[in-house]
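What follows is a short report on a single structure.
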């Protein structure tokens, strides 16, 4: 009876990994991570605050930008506590249920961010190709429905994948490769047939990311076709300039995402540092860079930040 209880406890406890080989420097390594998380949280909260409080930004483009900030935070925040618990030598242990919940939020918001980027591409398509119908097509009600549908689609798609983990025995190693839980990392430790999870995961990535990326590509084909019809070069540049921030956001999400998938599928025996480096880029770079890119390249967001930082100076200069 005692051995059975200890076996159950063991099978429900996993151990997170920091930076292998650099354990004595974990406290120093935590400093740049802390700064990155701080920049990401402050940047996304600033954008959310500006969009909420500035009536001039109550437009479809900025509503979608607020959704992007929410998904960025939803993707990175679940990893923060467990990462710093490892780097600050508080605890490497994580219970199975906690691990699955963390996994659910990471993957769900990752897929949701891809859907939001597709919605932003459609927003740019309507704004450039059908400017006179922009306000009537992208109504607040439709935008709300798009956001809810994107979240529900991603959440429901993850349930069958994560539910099967409860039936897997983990009878060998319980050491995960990262300082947080990823599905592709956990099924590697299962002592069971994981064919369904592997195939379902590949199908899920192909369908969700594939459909979203295809939709983004098709939207930009129509956008370019419409832009090339503009006679003036200045008009073409102005139209394309409104898409610059979105294109950067797409690359920031998809390039690390594809890189991490390739590393997990085809470079299983490579250095653990490569896996850890790619995973941190995948989860930290979009939340940090997206607010910076939109703040630099979007005049209205930049003006909102200036109003937030220097309200008296801005108001006096306008009088």
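Yeah, the Cβs are placed from backbone N, Cα and C, and that goes for glycine too.
TrEMBL labels come from automatic prediction, so no person has curated them.
Feature transmembrane segment, per TrEMBL, maps to range 28-51 of the set 4-27, 28-51. Residues 61, 64-65, 67-68, 71-72, 74-75, 78-79, 82, 94, 146-147, 149-151, 153-155, 157-158, 162, 165-166, 180-183, 186, 204, 208-209, 212-213, 215-216, 219-220, 246, 249-250, 253-254, 257, 283, 286 of the same chain lie 6+ residues outside the transmembrane segment (100-122) yet bring a C-beta within less than 8 angstroms of a C-beta in it. Within its own chain, the transmembrane segment (273-293) has Cβ neighbours under 8 Å at 17, 19-21, 33, 36-37, 39-41, 43-44, 46-47, 68-69, 72-73, 75-76, 79, 106, 113, 177-180, 182, 245, 248-249, 252-253, 256-257, 259-260, 263-264, 267, counting only residues six or more beyond its boundaries. Listed by sequence, the residues of this chain that lie at least six past the ends of the transmembrane segment (28-51) yet keep a Cβ under 8 A from its Cβ atoms are 18-19, 22, 57-58, 62-63, 65-66, 69-70, 72-73, 76-77, 80, 83-84, 87-88, 280, 284, 287-288, 290-292, 294-295, 301, 304-305, 308. For the domain 'G-protein coupled receptors family 1 profile' (43-294), the model's average pLDDT works out to 87.
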